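The structure under discussion appears below in the form of structure tokens.
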Amino acid sequence: MEYFMVPTQKVPSLQHFRKTEKEVIGGLCSLANIPLTPETQRDQERRIRREIANSNERRRMQSINAGFQSLKTLIPHTDGEKLSKAAILQQTAEYIFSLEQEKTRLLQQNTQLKRFIQELSGSSPKRRRAEDKDEGIGSPDIWEDEKAEDLRREMIELRQQLDKERSVRMMLEEQVRSLEAHMYPEKLKVIAQQVQLQQQQEQVRLLHQEKLEREQQQLRTQLLPPPAPTHHPTVIVPAPPPPPSHHINVVTMGPSSVINSVSTSRQNLDTIVQAIQHIEGTQEKQELEEEQRRAVIVKPVRSCPEAPTSDTASDSEASDSDAMDQSREEPSGDGELP
């Protein structure tokens, strides 16, 4: 009877074959949309997890290899020399140690040089100043010149900085305005309307002021005396008795304050009207005076001054003693009223 011994190395190969067979079956079932058994589903999940782990491990190894390559470029080595990862790490550690030693040595040298410079330049500035003073009074002060130059340079730099800041600020303001114009067009419209309203109000106010000034000028021109009659026969006629003539004569003889203030001018007008009514007396008397005035205008220029005397004489006979006094005062020019 013969016995066949199965070697132990073939057992894992059979297990591996069975696993691969199950994976293939699971993949075919997933492709054919066939419901999987629980065992095949577990195998498929394991396969997916294994693939994910393999990809992560691959990435990790790639990053490690890249780090070793960068270290290899940093450390001193000959071109074409092949170095393992352990050799690269060892050489980098040695290189870092040597760099630290070099750093400490340079720091010690730097401190020694600083001390040497301080020892040499400890009393030198005082000696130099004393020597400069001993040389002569008219020697130029170098320190002041250097300070002045430094100040000038600082001023120039500050001006340049200010110009740059101004240009930047103007650019930013323009950008802000453009953004506001894009984002808030309604706000700009409201502002424009407000500006237009303000301009309209200002125009109305100016027109009102101009109107008031024109009215004041008209009042002043009305209150001013007429030009002195010289050559025209119709203008040479003395102040006629009707109300307008008396009004003009009395106001011109009044003070300057009467022309300036409106209230005083009104009071003067009232008093003038009362005086004129008192002088005229009755309506019949006015008609007679108008006829006499027409007769005076028709006469030549030489007979004009005689007309008021005859008129006043006829008026004095018909009027009272008080009215006659007032009529004499007015042609003579003394027409001031209380």
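Cβ coordinates come from backbone N, Cα and C, glycine included.
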* Structure fact -> Between the ranges 58-78, 100-120, 205-225, Swiss-Prot assigns region 'Leucine-zipper 1' to 100-120
* Looking only at the region 'Leucine-zipper 1' (100-120), what is the mean pLDDT? -> 90
* Would you count the other C-beta atoms found within 10 angstroms of the C-beta of Lys189 (SUMO2 cross-link) for me? => 10
* Between Lys147 (SUMO2 cross-link) and Lys189 (SUMO2 cross-link), how far is it from one CA atom to the other, in Å? -> 56
